[in-house]
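Straight from Swiss-Prot, the features:
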type	residues	note
DOMAIN	201-257	domain 'SSD'
CARBOHYD	N75	N-linked glycosylation site
CARBOHYD	N114	N-linked glycosylation site
CARBOHYD	N177	N-linked glycosylation site
TOPO_DOM	1-199	topological domain 'Extracellular'
TOPO_DOM	221-235	topological domain 'Cytoplasmic'
TRANSMEM	200-220	transmembrane segment
TRANSMEM	236-256	transmembrane segment
Amino acid sequence: AKLQTGTAYLPGKHAPLQWTQFDPLEFLEELKKINYQTDSWEELLNKAEVGQGYMNRPCLNPTDPECPVTAPNKNSTKPPDVALILSGGCYGLSKKYMRWQEELIVGGTVKNSNGTLLRAQALQTMFQLMTPKQMYEHFRGYEDVLHINWNEDKAAAILEAWQRMYVEVVHQSVPQNSTQKVLSFTTTTLDDILKSFSDISVIRVASGYLLMLAYACLTMLRWDCAKSQGAVGLAGVLLVALSVAAGLGLCSLIGIS
């Protein structure tokens, strides 16, 4: 709940509402006291199985002052069994629609014979970003983007820049003498990898074909001209080179890069 940003200020409330102390059911009860119709909201929360939100979830630090009194391990002297809690996955705010699988949370797991999680070597975190089209549609019409000729290409550029900056910040967050390793992977990283494998080095390709040509000629060449097949090897290498060139030309013709 502490990782969830956002603060709401309501009339009559001295403290701002945050996820660490927001109880949806208690909030609806307060709305009922001022004769506010909450039937549709109650139905929505019940269908999504929101309940008390994060208020009835275990705290990582039971002695934390912000740990709600409704937490099952409030003021407990024992640390929570995180492995048991994460075994099989865990739930977000909605127990019906926000279930995070165990494979998306931890890695390098060790389990007992019953499949219960005992320990893990890595903690995983995932951020789901908008697609360029979704981001363009979301901010279209905002005054902040009117002066930059807002379009999908600019949205894609912003998403790419954010991912690159995120990777850089993550790598800088770990001290050099730390025993822990932080690995980051984004769609931009995947695109860079694919691009690096797609780039064709003329020197490397030419060197490779020259080596193939020399190998084919030397292995098939004989001193006896009647038994020598060096020309066949030369023709075979040239045929392969022309086939590859034709394939690349066809890909370029149909727009595959």
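Backbone N, Cα and C atoms are what each Cβ position is placed from, and that goes for glycine too.
Feature annotations (Swiss-Prot) mapped to structure.
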{"residue": "N75", "record": "N-linked glycosylation site", "DSSP (3 states)": "coil"}
{"residue": "N114", "record": "N-linked glycosylation site", "DSSP (3 states)": "coil"}
{"residue": "N177", "record": "N-linked glycosylation site", "DSSP (3 states)": "coil"}
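Straight-line distance linking the Cα atoms of N177 (N-linked glycosylation site) and N114 (N-linked glycosylation site), rounded to a whole number, equals 38 Å. Per-residue pLDDT, averaged over the topological domain 'Cytoplasmic' (221-235), rounds to 72.
Cα-Cα distance from N114 (N-linked glycosylation site) to N75 (N-linked glycosylation site): 30 Å (rounded to the nearest whole number). Under 8 Å from some Cβ of the transmembrane segment (200-220) lie the Cβ atoms of residues 228-230, 232-234, 236-237, 240-241, 248, all in the same chain and six or more residues away from its ends. Cβ-based crowding with a 10 Å cutoff singles out N75 as the top-ranked of the glycosylation sites N75, N114, N177.
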